[in-house]
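These come from TrEMBL:
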COMPBIAS  1-36  compositional bias 'Low complexity'
COMPBIAS  50-81  compositional bias 'Low complexity'
DOMAIN    88-144  domain 'RNA-binding S4'
REGION    1-87  region 'Disordered'
Amino acid sequence: MSDPSPRSRLSLPAAGARTSRPARAAAPAAPSPSRAGGERPPGRFTLRTPAPASPVAPEAALPRGQAPAAPRRAPAAAPRPEGVPGTARLNKRMAELGLCSRREADDWIAQGWVRVNGEVAPMGLQVAPTDRIEVDRAAQGQQERQVTILLNKPMGYVSGQAEDGHTPAVALINPRTHWREDPSRQRFSPPQLRGIAPCGRLDIDSVGLLVLTQDGRVARQLIGEDSEVDKEYLVRVHYGDVATDVQAVFPREQLARLCHGLALDGQPLKPAKVDWQNPEQLRFVLTEGKKRQIRRMCELVGLKVVGLKRIRIGRVVLGNLPVGQWRYLGPNEKF
């Protein structure tokens, strides 16, 4: 799959334009889903295989009149008080280690899949950096069935929940719109839509790469507070009444402000990379994603955005994925 040439003029739909319905494409038969997401950082954790159940002696072997003993439960680790220096809640620590999201951690803890220092962990346990965290292989199997989907979002769809009568982008995820050239060869199934959520914003008037995932690790990597994954956009602009050769009349000092020096909602923005791709089109590379950030940045320097397309997130590119169609994140792709 090829990435668009940095200096090519990409066709961006003007604001308010409607795209045609995506062509129907049959999803090819494929092997079982493969794992999505990045590598885990090092940490004190172990994947453990459930121990086989201990054999139970038949009741006939017991002395007459003696009832069988109740099964023994593994004792839970004693919770540490909150606020002890160096400790953190177990679900937070598991997320920091890259094992899962906090929500997944709570689910695993509730199912008894997590042990700390050999003991089944209770909900809300505080752990120290030296504590050993063990995760049952049943949890790993659950993660391997989770999917991450890449969609070329058309104009007119909202990224998240339906609002003001507009259709959410997840409505496009179905067998008919699955790209027939998807290199993963993975097959769609309805359970893949359970708990799937967009990773970041792409407003209703914008098009391009949108990531939806069931995997909390991927979500944290892309939209977590400490995320440094960059995102690349192509942006067509007007400057006042000037719609052609905007580059010739737009002040260089204002371009420098787009790169660094602007603030939104009272907060200074992180440095960005902004340069001209052709006389009417800018390229933005950002490491944050505030609501309608690029459009608002452009307004602050007198530019009007008339087309916006996201073409890359980290190392994953939009490439040749048709508008309104989607594919799976491949097993060897990482953001």
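Heads up, the Cβ atoms here are built off N, Cα and C, so glycines get one too.
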If you average per-residue pLDDT over the domain 'RNA-binding S4' (88-144), what number do you get?
87
With DSSP as the yardstick, break the domain 'RNA-binding S4' (88-144) down into helix, strand and coil residue counts.
24 helix, 13 strand, 20 coil
